[in-house]
Amino acid sequence: MESDPMFIGFGYDRHPLVEGRRLVLAGVEIDAPLGSLGHSDGDVLSHAIIDALLGAGCLGDIGTWFPETKEYKDANSLDLLKETVKILEERGFSVVNVDATVVASIVKLSPYREKIVENLKSALETSRVNVKFKSGNTLGFEGEERGISAYAVCLVEEKGCTKST
């Protein structure tokens, strides 16, 4: 039995934390004293996953598809993630799974995990989603509460690909 080809993607994003901005992860607003500075809503988790998915499909990166233009100013990154899934599907790919890690010490993120994962499962059209949170242990700009970062890895499957023998 032959299986469809599978491809791995890796994504990473980081943003400074500043006053006057919201902190959003996978469309979930986090109650925090500082928010993520970015052209869109600054959702580092969605951005890292977008880059992982585009990487798996050899389709460039988030800036290729969603440049820093007026069209994407303050954009909802969960919507951009849904659009990325459509871009992959149009090219014959489907998301198998995503595993991500968010690094931040500004606020405890684990109480938000269930809603974050729920949003990602819906956006990615897969039940195979895992999100982990790390504090940075007082190291780096995440540990010093000056920033937030996210790492993501994904597996996508190319559907209906025929192999010649």
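Glycine is no exception: its Cβ is also placed from the backbone N, Cα and C atoms.
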Listed co-binder of 4-CDP-2-C-methyl-D-erythritol 2-phosphate (same site as D13, R14, H15, H39, S40, D61, I62, G63, source Swiss-Prot) among F133, F141: F141
Candidates H39, S135, F141 (recorded positions) with Cα within 10 Å of H47 (divalent metal cation binding site): none
Length of the line joining the Cα atoms of H15 (4-CDP-2-C-methyl-D-erythritol 2-phosphate binding site) and H39 (site 'Transition state stabilizer'), in Å: 10
Intrachain C-beta neighbours of D13 (4-CDP-2-C-methyl-D-erythritol 2-phosphate binding site), sequence separation six or more, cut-off 8 angstroms: V44, L45, H47, A48, D51, I62, S149, A150
Cβ packing number for S135 (site 'Transition state stabilizer'), 10 Å threshold: 15
Residue, out of the binding-site residues H15, H47, I62, whose Cβ gathers the largest set of other Cβ atoms within 10 Å: H47
Distant-in-sequence Cβ neighbours of H39 (site 'Transition state stabilizer'), under 8 Å, six or more positions away: E68, Y72, K73, D74
